[in-house]
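If you look up TrEMBL, you'll see 34-51 marked as compositional bias 'Acidic residues'. Among the features that TrEMBL reports, region 'Disordered' is placed at 1-51. Per TrEMBL, transmembrane segment is recorded for 127-145, 157-183, 195-214, 220-240, 249-270.
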Amino acid sequence: QGGGSAVIDMENMDDTSGSSFEDMGEMHQRMKEEEEEEAEGEAGAGEEEDGEFLGMKGLRGQLGRQVADQMWQVGKRQASRAFSLYANIDILRPYFDVEPVQVRARLLESMIPVKMINFPQKIAGELYGPLMLVFTLVAILLHGMKTSDTIIREGTLMGTAIGTCFGYWLGVSSFMYFLAYLCNAQITMVQMLSLLGYGLFGHCITLFVTYNIHFHSLFYIFWLVVGGLSTLRMVAVLVSRTVGHTQRLILCGTLAALHMLFLLYLHFAYHKVVEGILDTLEGPNMPPFQRVARDIPVVSNSVLNTTAKAIALTL
């Protein structure tokens, strides 16, 4: 019996030892699982952080692409504007594409009135010659101001001369074009600018000669002959392009009066008007300030000598 109980105890011990080993294995397994779960959790957190980081990088990349697209659009708009400006300049190119020989021929033709007015006369549709004549008239006015007795003070008269010449050319051309539209004349604005611009050739000749040779009788001769020929040329062209006696009289009479009176104004009244403007803006003519040497009175010398002696005695 005693032996049997010992065997049973050994078996029980074996069972208990086995169960304890199993418990240790389970505990070890659980610890491994917990470590794996922790590792998976850390890996998941790392992936989330990586995902957030990649999301920030993606957002930055998207913003960069948007900025690049905006810069591309701005550059494209600027390029399109530059191209449109070049296209607008290219539109004006035919009005200034002319040979010097043609300009010379048109200058001579502007002094020769046409005889045939039964059909519309041809008008040059270019602006190079008229623009150069306007600038030439500006230079002649400045030359006349220097050769005359007009006193020029502080500044230049370039702005006044440019305003007068361009104002007449553009203003009278616009007014005559409007009047021609009312009178049913067949003429465009560019043709009117060209016609009136070449008509200033007679004014340039008359003023250049009379500014250097100061004779009123010579001016009146040039005013009637040279200025009259250029005016008759313009009047004949307008008559050939206008239908109706009343319309012709109104249109041509207005143009002739404005053109001839403008030449009289430039010769007689322009210098006085400019001098009056200068007087208004700068005040009347004042003599320049001069320093005048003054004699020191004898009393002041005696006072200085007395003061010097008193200072010497005190020292």
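Backbone N, Cα and C define each Cβ position, glycine as well.
Bear in mind that TrEMBL entries carry predicted annotations, made automatically and left uncurated.
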Range from 127-145, 157-183, 220-240 with most C-beta pairs under 8 A to the transmembrane segment (195-214): 127-145
Sequence-remote partners of the transmembrane segment (127-145) [C-beta within less than 8 Å, at least six residues beyond its ends]: 95-96, 98, 103, 106-107, 152, 157-158, 161-162, 164-166, 169, 190, 193-194, 196-198, 200-201, 203-204, 207-208, 211, 266, 270-271, 274
Cβ-Cβ under 8 Å with the transmembrane segment (157-183): same-chain residues at least 6 beyond its ends: 130, 134, 137-138, 141-142, 145, 189, 192-193, 196-197, 200, 238, 241-242, 244, 247-248, 250-251, 254-255, 258-259, 262, 266, 270, 274, 277
